[in-house]
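Enquirer: This is the structure I want to talk about, given as structure tokens.
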Amino acid sequence: MMEKGIWKDALIQSTKKLSPKLQVKNPVMLLVYVGAILATSLYFLGFFGISDEKSGYTLAIALILWFTVLFANFAEAIAEGRGRAQADSLKMARKDVLARKLKNIDDKTDVIEIASNDLKKGDIVYVLANEQIPMDGEVIEGAASVDESAITGESAPVIRESGGDRSAVTGGTTLVSDWLVVRVTAVSGESFLDKMIAMVEGASRKKTPNEIALQILLVTLSIIFLAVSATLLPFTEFASKQAGAGSAISITNVIALLVCLAPTTIGALLSSIGIAGMSRLNQANVLAMSGRAIEAAGDVDVLLLDKTGTITLGNRKASEFLPVDGVTEQELADAAQLSSIADETAEGRSIVVLAKERFDIRGRDFAEMHAEFVPFTATTRMSGIDYQENTIRKGAADAVRAYVTANGGTYPKECDAIVSKVAGAGGTPLVVVRNNKVLGVIYLKDIVKNGVKERFLDLRKMGIKTIMITGDNPMTAAAIAAEAGVDDFLAEATPEAKLELIREYQREGHLVAMTGDGTNDAPALAQADVAVAMNTGTQAAKEAGNMVDLDSSPTKLIDIVRIGKQLLMTRGALTTFSVANDLAKYFAIIPVLFYGIFPQLEALNLMGLTSPTSAILSAIIYNAVIIIILIPLSLKGVKYREMPAGKLLSRNMLIYGLGGLIAPFIAIKLIDMLLTVLGIV
């Protein structure tokens, strides 16, 4: 399951974690730790005749308690070891390299060689093929293939280019081809790689609110059992005198009984469950900024999903030019290409390519034309070009209609019919207007991904509502939403509309998750309970999110929710198992322990345990061994199934609740029989 090196390191760390400074961080296991020290002290006192405690029996109890503490340490060390192994591979990617810092962005020969660790935010660097990108940054010029395998594990190179949503590059990755001009967005020690190493090593892991709440419950239970166990010594002493039979319970037995009754199973595994949950997220190539974000993912009941890349394939391409009456297709194609020349999105480039392929329309001298490009914004929802007293705009139908009307023009009804036809087919219509005259529509074709409908059905079974977010018009959005099977959609989405939608659901008590990659997504990402920023996205988006997806796959949000739910389920299942164990051990041990004083209790010794000594030893051995048995489950997590929360709870209560009640009875009896056969008791 794991490399030998991790096992070996975990064994060493288990011993190092016996330090009181580390043990005090886990109050439940601190109780076992103190009990082991007391039992060891009683053994030595008995060995030298200072105490009446049985030396051999006390030594056995002391050793088992020490092993219980070591097993708990081992569980945590294994989980941490996995993180360290991942961090070590990341550290190999983080090394100081020489960077070419440009003095002037227009002159790529005028460079200063500088160590990557000395780079500052805003510096411009020039990176060539086969060179390592020195620091996190944003591509401002060029396009190149980048090998990101050191960080993502994905061997296939990816394209990084200026403009659009693939402009972010990460320090430590390598250029495979071409060149890039990069603006540095982070300094040494604060880079994405540095943050990732800190997270996977657990250096910045803090206990989550749910962990703290559960630990308070476990400590409360431990204090109650401590109080109960402490009263047994005077109670049994008084009872034995009154009954004239039996003897007072020994201090060793009080310690052993306390450890058996305290919720040590979940206390030992709680930390490893949290660390393993974060590790599973890291293995999915997602970096969580805090454990709180993972827990929130488990409680999410509303998902906001971008249409492009999540529900559809994301590579919308221009497939047709649909002119209005009185306009030729070539005339529309020419205007569409001009409006898209400076558009660095995949859609914009596809328009340029389609115009070239259909009508052999080539580039022109824009300096001579005195052209001024108008970039797309989320507010105007249009882009275009101004040249030689000509104005061309392309954009969403309603945005273009408002633009034409505001400038005194007429928006033809025929265009509405074309837009409706394209939208009804699930495509995206872009209307082109020149000098306030509508020329026609560009048909951008989009394809719904295979299997998404089934995934959304699974989410619905889990009680999660899915909402598609798109900038498309309502007709296009409705067609794609129906085909994909989402519960609702937000069409013609603006940053403000997304933000308000999140706030509306949060006011109703829902937890909301979303993905984003652009600067315009930052406000909504900052507001969402679970905000997954794409690694290729802008720096603003990454800073606003509480998770970063290294693969930049919007569909990863569904997997993140599943991992979050699995973490909460694992913690809940093992807590249920631990508490059920305590109840079973109570009813297994107490009758045997006291039937010397109260013979009537022998009738409750249903398992027929040999003696009080055997009962205590069997229970405390089981208490230690069950921790080791459950370590793989705490690391791997309880298997998650897509079903309603009520059914899932009933299923887990049956498996881990009932299982937790039955397992101790069977195991303790088997251990008791083994101890008797071996002649130990």
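Just so you know, the numbers here start at 1 and follow the chain as drawn.
Note: Cβ is positioned from N, Cα and C throughout, glycine not excepted.
Swiss-Prot lists these features:
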- 30-50: transmembrane segment (TRANSMEM)
- 59-79: transmembrane segment (TRANSMEM)
- 216-236: transmembrane segment (TRANSMEM)
- 255-275: transmembrane segment (TRANSMEM)
- Asp306: active site, 4-aspartylphosphate intermediate (ACT_SITE)
- Asp343, Glu347, Phe376, Thr377, Ala378, Thr379, Thr380, Arg381, Met382, Ser383, Lys394: ATP binding site (BINDING)
- Asp517, Asp521: Mg(2+) binding site (BINDING)
- 587-607: transmembrane segment (TRANSMEM)
- 615-635: transmembrane segment (TRANSMEM)
- 661-681: transmembrane segment (TRANSMEM)
Enquirer: Are the transmembrane segment (30-50) and the transmembrane segment (587-607) close, by which I mean at least 3 Cβ pairs under 8 Å that are 6+ residues apart in sequence?
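Expert: Taking Cβ pairs at least 6 residues apart, the transmembrane segment (587-607) and the transmembrane segment (30-50) are not in contact, as fewer than 3 fall under 8 Å.
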Enquirer: In angstrom units, rounded to an integer, how far apart are the Cα atoms of Asp306 (active site, 4-aspartylphosphate intermediate) and Met382 (ATP binding site)?
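Expert: For Asp306 (active site, 4-aspartylphosphate intermediate) versus Met382 (ATP binding site), the Cα atoms are 19 Å apart.
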Enquirer: So of all those binding-site residues, Asp343, Thr380, Lys394, which one's Cα sits nearest to Asp521 (Mg(2+) binding site)?
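Expert: Going through Asp343, Thr380, Lys394 one by one, the closest to Asp521 (Mg(2+) binding site) is Thr380.
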Enquirer: Residues sitting near the transmembrane segment (661-681): Cβ under 8 Å, six or more positions beyond its termini, same chain?
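Expert: For the transmembrane segment (661-681), the far contacts come to 580-581, 583-585, 588, 607-611, 613-615, 617-619, 621-622, 625-626.
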Enquirer: For Asp521 (Mg(2+) binding site), which of the three DSSP-derived states applies: helix, strand, or coil?
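Expert: DSSP assigns Asp521 (Mg(2+) binding site) to helix.
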Enquirer: To the nearest whole angstrom, state the Cα distance for the pair Thr380 (ATP binding site) and Asp517 (Mg(2+) binding site).
Expert: 19
